[in-house]
Amino acid sequence: MVSSQAPPSVTSLAQEANSFQSLSVSDLNTQNSLVDKFRSGIKWIISPLRRCCSSSTSTNRPSPKPVVDSRCLKPEFNRVNGLLKYFCFGVMFTNGILGFILFLIGLWSSFEHRKISHMPTTNQRQSKSYSSFNFAGIIVCIFGLLFFLLCIVSCLGINRENLNLLRISIVGQFLTLIIFLSSATIILVWGGRIHHKIGETMMTGLKMHYHIDEGWTAFFDKLQKSYFCCGVYSFDDWNNNPNYACTQSNLQQNIDACSVPFTCCKTPQKNDQHTNLQLSTFDCGQNVSSINDTPVNINEIQERININGCFDEILPVIQQLIITTGVFLLLICIIIFVTIFLTYLLAFNIRLTKSDVQRYCQKQRRSHTDDDTF
């Protein structure tokens, strides 16, 4: 039992982000409209920036630290919803696991293609692996790591009811929302340019990195086998590859000159006389191009290899993938927006609780001061 003459035991509150001296009572009034609460939240989020700007012009006057009487910590002042708190914690914890998985995937992809790019090759000028896969792996790795750290900060802020960490969480989620929303808009609006860019990237991989980069080699072999196609736009695209180029100098140096990869060959069907086909498939891709624009028998070539390009075959798949990716990113944006709203609502409840406790304790201290005066 504490006597009325004895000074009450006090504990200090955080002065920077948890201070409510700059907030009026109306800012945290639960009867205010949603717009007023939103404005109050914006003021709270940008309050560190405003204090930083005002500190350079104002004199550094030490402000009194707010104190709380231990008797003020009553349960009726707690406006933090436990269900909301732990639901936000569960959502951010799940997002953190997903971010860590993205980090591991990007790390594995980056190291795998880095290992392939350092494999010894006969042509040192072209030994450098195509960097698109490696670059994509690095981007996924960095984004997964940053998102994982953001979720860790969010979980700590939610669990400890720390307004500084919650402010960082809201700002980070808002930046993530902008990134995903911009990506979804670019994918859905500029789908045609994405088609063209994919075609250019495939042509670059075909010209420079087939048989050099294991990733590109496996990609084209699998693509040509699965879709019964050859090259990007036609089988003539392989004439742009140094190994398959149909030139006089290449004929003397490379046995693959004027030919196409084995995966361009037509596969034997069950109803065909596949005995002869199996014997001829080993050299079916030979001599499909000519030197100095000499006419070739396209009908004879068509009997041995697939002449249609792979890009036209996979174009419907690319279009469907672009639409699916854009819609998926929009769904992620909706989830992030809901998470931001819930985190903001939790931060508002924490601010409201601390404001109520501070005002009640100030009233109690005034009453004690008046009693001591009389």
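In case you wondered, yes, glycine gets a Cβ from its N, Cα and C as well.
Taken straight from TrEMBL:
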TRANSMEM  83-111  transmembrane segment
TRANSMEM  132-159  transmembrane segment
TRANSMEM  165-190  transmembrane segment
TRANSMEM  321-347  transmembrane segment
Of 83-111, 132-159, 165-190, whichever stretch has the most CB pairs under 8 A to the transmembrane segment (321-347): 165-190
Residues from the same chain, set at least six apart from the ends of the transmembrane segment (165-190), whose C-beta lies under 8 A from its own: 17, 44-45, 48, 92, 147, 150, 153-154, 156-158, 322-323, 325-326, 329-330, 332-333, 336-337, 339-340, 343-344, 346-347, 350
